[in-house]
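Structure first, then comments.
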C-alpha cells in the first residue's frame, strides 16, 4: 500500500493505473476509521482493480463553532486498517495542499437547505467542493459513501448528475455497534453516560420501523420517534423529519422513497452527531 | 466529423478515443462561430489528437434582461467551419439535455465580483458551471479560450487550480476585423452606424497602448482611454479598469501582470459587448 501527501503524486499514480486499464474505486473519509469505513473499503475492494482511500479532515465543511480542532485523528491506525483491508493507496494531504487561497467552490441549493443544512449552513458547500476536488484528483470509476450521512449521499448523487461527473456513486448500509449505536468517528466524544444515552437514537429508529407503513401520515411516525428521544434527558433533538429521499424536502405522508432523518445532540458535545437512517418500507 | 446531441453519445466517443491513447482538446463555444473561434480550433488542432468543439448557447450565464433569445445561432454554418478546420466532433446539446432540474453549481468569489460581474451578477456562476460540465463530459487534456473574455479566462484558470481539474487551459489572442474591431458573435447586433461607433473601442486600446508604460499611474491610462470612448455619442462605458491579471482587483499603478479591461455598450443593443483587452507592457 502506498501513501501520498500531494495532489501531484496521487495523480501520477492514478494516471499510471489508468494507462494500465485498471478501474479505480475511491473511499473519501475524514480518517479515524471504524467498521463503517471498513465496510466501504471492503465493498470498494470487491468492485475495483485499485482502491484509493482519502484520509483528510476537510476544514471547509466545519462551521466556525464546530469541532474541526477536536475532530479525532489517528493516521497510523488508519494506515493499518487500510493495509489490512487491501487498499492500494491512502491520500493524506495537509489542508495547505488542498486549499491555496481558494475562490472557486461547488455548492447545491434546495437539498442543502433542509435538515443538517439548517444548523450547518456552509457544511454541504464544503462537502461538495472537497468531493469534487477528490474526484478530479483520483478520477475514480466508483466512489463509496455511507448511508448514515443520508443527506450527504443524496447531495453527492445529485451533484454528480447535475455536473456530469463520470463517477458511479455507491451507497453502503449503516454499520452499528452490537447494542445498536451507529458507528461514527464522533462517538469518541461520548463519555460512558452519554454513550448509554445515545442508544435512544437506535431505539427511536426501531420504534419508527414498528409503526411505519406505506400510506401513513408522517406525523404518526415522528411523534413516536420523538417520544423515545425526548424520554432521554441527555438528548436534544435537532430535527426528526420524513423527507423525499431524492429532494430532501419534507413530505406529509409516508410513501415510496421517503427517508426518515434525524440529528440529535447528546450531552454537551461540540458539533452535531447526525444519525441518519434510511427506513425501508415494510414489504 | 461527427455531431453529438447527448452527453452519453459524447462520452462514449471520448472514452473510445481515450482507450486508444489519444489526447483530447476542447473548444467550448456558444456557436455562431467567427475567426476568433477558428483561431482556437486551429490551435487545438495543432496540439491534440482529437478536437472537440462544443456549440451550446448556455442559458444559465444569461441574466433575466440579457440577450438569450436574441443571441445569434447558425448551426449549419458552424458545422461547415468546424469541418473545414479539421474538428473531429461537435457537441451540440439542447438546454434540456444539459439541465434537468439543476441544483448543483460551480461558482467563484472575488474574481467574479468585479468588472463584468458587477452588471452581470449570475454570469460567471453560469460560465463556471457549464465549463465544469463540459470538462466532465469531454474529459479534455487541454481546453481553449479567447483572451477577449479576459475575466472569464482568469476565472476559468483559477477554477481549474482551485478544484484540481486535470485540464490545461490555453488562452488565445484576440482576433480583430481589418479595421480593428474585435471579432464577436454579438457584433451582428450592430447596425452600420453602431458598427462604425464600435471602433472607438480599438481606438481606445490603441490610445492606451501609446500612453501605457511600466510604473505609471493607472488613472493616467484610463483617462486617455475614457476620453476616446466618451467622444463617441453612441458609446456608453460600463467600465474601463486596470486590474491585477490574476485576481481581477483594481490596481492603482500599471505594473507587471496588469490587465486593462473594458466593457462598453454601443447603441441600444441588448446585453453588453465585452471587449476585454490584455495589454502587454511595452518591452
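Each Cβ is built from the backbone N, Cα and C atoms, and glycine gets one as well.
According to DSSP, residue B:37 (active site, proton donor) sits within a helical segment. Under 8 Å, Cβ to Cβ, and six or more positions away along its own chain, residue B:37 (active site, proton donor) finds B:27, B:29, B:53, B:81, B:146. The active site, proton donor feature in TrEMBL is assigned to B:37.
Marked as ATP binding site by TrEMBL: B:30-37, B:146-149, B:175, B:183-186. Classification of residue B:147 (ATP binding site) by DSSP places it in coil, neither helical nor stranded.
The number of other Cβ atoms within 10 Å of the Cβ belonging to residue B:61 (beta-alanine binding site), over all protein chains shown, comes to 21. Residues or ranges marked as beta-alanine binding site in TrEMBL: B:61.
Following the DSSP three-state reduction, the secondary structure of residue B:152 ((R)-pantoate binding site) is helix. Of all the Cβ atoms in the protein chains shown, 23 others lie within 10 Å of the Cβ of residue B:152 ((R)-pantoate binding site). Marked as (R)-pantoate binding site by TrEMBL: B:61, B:152.
Feature annotation from TrEMBL assigns transmembrane segment to B:258-278.
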Neighbour tally for residue B:147 (ATP binding site), based on other Cβ positions within 10 Å of its Cβ: 19
Fewest Cβ neighbours within 10 Å, where candidates are the binding-site residues B:30, B:33: B:30
Number of Cβ atoms other than its own within 10 Å, given for residue B:175 (ATP binding site): 18
CB within-chain contacts under 8 A for residue B:36 (ATP binding site), separation at least 6: B:146, B:148, B:174, B:175, B:182, B:183, B:184
Whole-number Å value for how far residue B:152 ((R)-pantoate binding site) lies from residue B:33 (ATP binding site) (Cα to Cα): 18
Cβ neighbour count within 10 Å of residue B:185 (ATP binding site): 19
